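Peer 1: Here TrEMBL flags B:24-46, B:58-75, B:95-117, B:129-149, B:180-203, B:284-304 as transmembrane segment. Here TrEMBL flags B:91-305 as domain 'ABC transmembrane type-1'.
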Amino acid sequence: MSLLSRVASKIADDARNVLNTPRELALEARYTVQAYRRGDVSATQLGRTAAVTGFAILVVAVLLFPIYWIAMSAISGSGGTVYAAGGFSFFPDNPSIQPFVWVLGDLIVPALAVTVNVPFTDLALVFNTPEIAFLDASDHGVDNPSNFKQYFVNSVIVSVPTLILAMCVIVPAAYALSRREFIMRRKVLFGYVLFTQVGGGLGIAALIALYAMFVQVGLNNNRLALAAYYAATAVPFNTWLLKTYMDGIPVSYEEAALVDGAPPWRVVVEVILPLSAAGLATVTIFTFLTGWMEFVVAQTMLSADKFTLPVGLFALVDEYSIPWARFSAFALTFASPVMLVYLFAQRYIEGGLSFSGMEG
Amino acid sequence: MSATSRIADRVAEVPAIEREDVSLLLVLPGLFLFAAFMFFPMLYLLGISFTNARPSNLFAGGGFLTFGEATFVGLENYVAVLTDGTFWNSLGTTWLFVATSLVLKIGLGLGVALVVTNERVRGARFMRSLLIVPMGLPAIFTITIWRGIFTSAQFGLANQLLSWLGAGTVAWLNERWPAFIAYNITEMWLAYPFMVIITVSALQDVPKELHEAAMVDGAGYFSRFFHVTLPSVKRPVLFASILTAAASFQQFLIPYAFNRGGPARLNELVIVYGYREAFQFSEYGQGAAIMLVAVVFIGAFMWLNVKKGRLADGVDEA
């Protein structure tokens with residue numbers, strides 16, 4: 001529980017920071033204007049700062065424009081407004097959430113009748129639960145919603161086992177690589193670092209053989225077999241990442257625990273793991289996302305009823321009849337939770353990726 | 001540099017945690033899992049590449065890790081592949097893509113990193129965290145958005161921009177070089193966050209004193225950039241470049257999602273070529289040979305870089 005509350009407080013912190021940034025910037029701008037009035041800052045300096053900042057904002061806006069564009073397409077209702085014949089407009093004329101309703105479809109918990117027989121009597125208690133409708137698609141004029149929910153369930157069935165299996169092999173390995181010395185240690189580490197970058201393409205290169213193997217044992221179209229594969233691909237990068245976090249924990253903490261007479265496993269459980277919580281969180285997110293976002297292998301292995309979300313998304317785009325607005329809404333619903341998680345995990349990811357040991 | 005080995009050395013001095021090769025057991029499950037799904041298929045792939053395997057004969061007769069009723073054809077697949085113009089076109093296009101996209105990625109990454117580390121920019125930290133959001137997005141999501149941007153129809157964003165600039169519209173994905181340009185732009189957008197992260201952290205490590213000293217000597221912005229900034233960030237950027245060049249070489253999703261490496265197989269980067277040969281045209285043996293040739297190329301490329309760029313010293317310690 002303490003881990004959860006810590007994560008919650010971190011998120012609250014970040015959110016507060018995000019909300020405060022505009023206010024702080026405004027305050028800073030006001031101070032600067034005051035300084036300018038007093039004559040502490042010259043007009044050229046002020047102008048230069050404003051110009052450079054403006055340029056930076058422009059760069060950010062241009063680079064992030066595709067995301068804005070897809071968001072605008074998603075709420076453009078019929079899908080005709082963002083790219084209407086009259087040219088591009090920054091905001092659709094008739095914004096509508098209908099495409100999102102199409103993605104989610106009905107969110108209805110059906111009415112259930114639960115019967116409990118009272119023992120030794122003929123009595124039976126019957127509970128009728130009411131139907132709970134969060135969202136009724138037909139109210140919004142959507143008759144034929146997307147398969148989003150089905151794909152979502154498939155993705156969960158793939159991603160959760162991926163996460164569990166991957167964590168089971170990654171955590172001990174990261175600990176050993178960080179804290180113990182053994183034969184082949186450097187070779188393993190070096191191999192892992194190399195495979196972090198060439199793994200994706202190798203996976204596709206080996207896909208022919210992998211597919212043949214899965215078919216031969218009848219495991220193609222099996223979501224759990226796919227999860228095992230994803231867990232395997234997640235091993236090199238995440239082991240290495242978690243190891244670099246564990247390297248940051250001072251050895252003196254362990255020594256203190258050892259001096260107090262704690263057995264090695266307690267040192268690991270009560271010192272190392274809690275202190276590498278940030279790394280564990282990052283690795284958890286990454287291994288989960290491995291299964292959540294992979295496309296090529298899933299597309300090759302799975303048949304339509306077992307499609308995961310990325311495959312379902314791509315199946316949409318391959319049908320030319322699909323309106324752009326619906327596709328955008330589907331894509332955003334799939335990607336925005338990932339994007340949010342990533343925003344909050346960002347500083348940890350940056351820390352792990354900066355190759356801080358590399359110098360000229 | 002050697003922070004890790006020092007920690008390990010110090011732990012080795014602690015009596016309770018002795019230097020023990022038993023610790024290898026903690027690493028083995030992960031290694032085994034990885035090998036089972038990576039190296040093992042690679043070996044099997046090597047076997048397949050010497051046969052005339054197709055779905056019809058490979059899966060006949062059942063059995064695991066057999067070649068079914070496929071027959072051994074020796075080096076026939078390799079001969080067929082290496083004498084095929086389409087393959088060399090694909091490999092050439094791939095290397096061209098590596099070169100062009102690498103230049104674009106480094107250029108954009110370095111440029112953006114310089115902008116958001118400029119001390120005059122207000123709210124730079126905030127901008128940085130927004131800027132690298134694309135890295136956290138599912139690749140298939142990003143690539144399908146860009147496919148929408150480059151759609152040949154008039155309403156595509158790229159075409160809207162062109163017509164706004166007064167140029168005509170382009171059938172982006174139906175012609176060879178426009179499609180190639182579209183791949184490059186998309187790859188640039190996919191990879192810039194990685195470059196920005198690495199460059200920004202390298203730039204922040206450049207000592208302020210160096211810049212100040214250069215300023216005292218009367219160096220302008222550009223000469224400071226070339227003589228102070230660039231040499232200090234060279235190695236991290238080089239490292240990132242090699243990794244992202246490897247990523248470009250293995251690019252699959254962009255050509256596949258945009259137009260299946262079209263038009264008419266002209267832009268099939270080599271992995272797409274092998275994939276389509278195997279799964280679209282059911283030539284498993286041929287596809288396996290192509291994939292292995294590609295793996296040899298990327299392996300040689302990485303090996304050369306690791307040796308020549310002395311990357312091993314850095315990575316080994318990382």
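Even glycines carry a Cβ here, placed using N, Cα and C.
Can you tell me where each of these features sits in this structure?
Peer 2: For the transmembrane segment (B:58-75), same-chain residues at least 6 beyond its ends with a Cβ under 8 Å from one of its own Cβ atoms are 44, 47-48, 50-52, 284-285.
Same-chain residues lying 6 or more positions outside the transmembrane segment (B:95-117) and placing a CB less than 8 Å from one of its CB atoms are 124, 127-128, 131, 180, 183-185, 187-188, 191-192, 194-196, 198-200, 203-204, 225, 229, 237, 240-241, 244-245, 248-249, 251, 269.
Distant neighbours of the transmembrane segment (B:129-149): 112, 116, 156-158, 173, 182, 185-186, 189-190, 192-194, 196-197, 253-254, 257-258; these residues of the same chain sit at least 6 beyond its ends, with a Cβ under 8 Å from one of its Cβ atoms.
Within the chain, the transmembrane segment (B:284-304) has long-range Cβ neighbours (under 8 A, six or more residues past its boundaries) at 42, 45-46, 48-55, 58, 70, 73, 77-78, 80-82, 87, 91, 242, 245-246, 249-250, 270-271, 273-275, 277-278.
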Peer 1: Give the nonlocal contacts of the transmembrane segment (B:24-46) in its own chain as ranges (CB under 8 Å, at least six residues past its ends).
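Peer 2: Tertiary neighbours of the transmembrane segment (B:24-46) are 65, 288, 291-292, 295.
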